[in-house]
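Take a look at the structure below.
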Amino acid sequence: MICFRDGSLPLPDVSSTSLEVALSNRSFDGIQVLQNMEQCYPVPRNMTMKLTNEQISARVLYFGLFNGVGPTRTQSKMIVRNRAYSFTANISVEGCTTSTMQGQYCNQTIELLSCARSGNSSGNGSVSAFFNQSMVLCRNNFETSCHGDGEMKIYSLEILRITESLTISVQNLRLRPLDSIGNSSRIYLMCFARYGAMPLATLHDYSGDLNQSPLVIRFPKVGQWYISILALHLAKEIGGALSNVSKVCYSLEVQELECPLGKAGPNCSSERYMLQTVLRKYSTPFESYYLPDGGDVISDALNFHLEPLLSNYSVGGLDTWTYFLLDVPRGAAGGNLHVRLMSDRKMNYEIYARNGGLPSLINWDYYYVNKTSSSGDSVFFVLYNSSDEKVDFYILYVKEGIWNIALRHLNSTGDISDGQTTMSISLERCPKRCSYHGACISALDTSGLTLYSFCACDRNHGGFDCSIEIVSHQGHIWQSIALIASNAAAVFPAFWALRQKAFAEWVVYTVSGISSGLYHACDVGTWCVLSFGVLQFMDFWLSFMAVVSTFIYLTTIDEVFKRAIHTAVAILTALMAITKATSSSNIILVMGIGAFGLLLGWLIEFSTNYRSLSCSMGLCLNRLERWPSREWLQNLVNTVMKRFRWGFVLAGFIALAMAAISWNLESSQSYWIWHSVWHVAIYSSSFFFLCSKVITINSGNRTPTDANYQLTQQDSLSQGA
């Protein structure tokens, strides 16, 4: 899955809604991604995507690749053998040489508006009739701007402070040529405004006809704004008839209204607090609390009392607003903003949060009204254990910059001093400390500029915060018993090897079963006698050795050669276990090594017995000349048939097939049962193969006492003599 997000890191599987959309949408469209940045999409084999500054904002764009979705994505898996995907990405950023030329082909002229502070507004000549507001007035560089029918002109300005409103209007609207007498009321002077990106007629944040009324933007965000003016249906009325004109001219004026320090909202009557950052001790970077400067702080919990900070009710007003501003620094976009309110009575607050600008009833990023009305459908808003007396929610992977959290206190007959409410705002690495069911892991993104955190859950839980129980406590007990107790099947091949005095094989089978049981006991969280890495290495290495030892046992070569083969195999399998232990290809490789060891043992046995024949070179050549190949092949088949008990061989292959099937059927959900079957099947197959070997007793001159166990060469040469 590939996930995009503007301004902060993506998260694929917080809500079930995002998963359903992601899994059902099999197509990839760049425009669609940009219109819904909180969604994920399946990754095709090849993907090319081109985004222009008319489509994306001039901010940080994050994208992440995730192999798998759902709550088990963060669950601790005992063995991960899912498919691994490799990818290459080539990202290039192209920009225009000058800031005054923008657009997809850098052919669109951008005119920067010149701004100046005009002091406190008196209400005369201003769009606002309220006092105590300061105004920033921005105009175009020329007295007038002129352009023809269907021609678009783009302006830009930067808002530096929290602003109450942004008003865009035109003055001195007239037609050209100047000596013509015409009526401009039929002209549509469309205005399109957009935050952070180029506005289009089909893609913008706000729009309006400036020839009819000014365009007012309430609580605009801090940052770069782009304004485009499009003139349509230019005409002048002469003697009751319409006639086309060449251009329309106007003066553009933009007003920014700001409240005094510490004030915000309508009429600048609400309180606004800039919260101070208090870093947490002994914590990861960027973990911090936000507290009001000089407020009544509860030191032991780093909460603050809310009632002394609330705005006074306006006369005749139904509610009042109180604003809290806080700064999320650069690099902290991988953190989570935690907001919590607790009261000793039923709370009468609504909470609205917005990045970059003041929130309102119609303009917010996240909100909470009550348990049934909130931003619960958002991927990055998570509500925990809220009630009438408590509000607790997280904004996941919060965007960098200024955040505004507004409390709307609904007016009621009671006095706010009747109860006591505490508020806590903090920036945390992992939500709910991974619900105490996992570890919070911190890492840097590939650019090295953003620190993000995620939960690595334990075996029983999953989800982004480890709050989803995947395996119940009783189910965990049964899984632990099955995975640990199934290694008792190693007793069968170990007992047979000890009975036949094959002490090397007995040690391998015994220690393999013990190490596998200890490894799974540690992996399911029961008990770790050693570190997890050491136990995993021992389990896989000794399992590989047990498989190869079974093949080598089927030969009848001297112990000297067996020790040499075991040493070489131990080195190879140790390298395999320490590098890619969980790779499925290791099973095929180990089987190949075992088969090669068996073949090598037979070759050594053949050459040793062939050299033991005492004959001269000439006699041997004469005998070989009279040695019929068909008779030699028949004797070889008879020897092989008499060397094994084929009922046990068949049982061994059946058990081996069961092991292969169980290995293939393993998944995250059914791992415990199929891997337990794997333990029983693989040890049972070794036991059957050990039992299939016909045991013979050799004399000092290595001549077998059992005639049925003679080598083919011995039988043939004896008959030839």
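Glycine is treated like the rest: Cβ placed from N, Cα and C.
Automatic, uncurated: that is what TrEMBL annotation is.
TrEMBL lists transmembrane segment at one of the ranges 186-203, 492-509, 564-581, namely 564-581. Ranked by Cβ pairs under 8 Å to the transmembrane segment (540-557), the stretches 564-581, 587-604, 646-665 are led by 587-604. Here the transmembrane segment (646-665) has long-range neighbours at 584, 587, 674-675, 677-678, 681-682, 684-686, 688-689, 691-692, meaning same-chain residues at least 6 beyond its ends whose C-beta is under 8 angstroms from one of its own. Counting same-chain residues at least six beyond the ends of the transmembrane segment (587-604), those with a Cβ under 8 angstroms from any Cβ of the stretch are 544, 547-548, 550-552, 554-557, 561-562, 565, 569, 572-573, 576, 660, 663. Outside the domain 'EGF-like' (455-466), and at least 6 residues removed from its termini, the chain residues within Cβ reach (under 8 Å) are 11, 13-14, 70-76, 78, 382, 396, 430-432, 434-441, 472-473, 476, 523-525.
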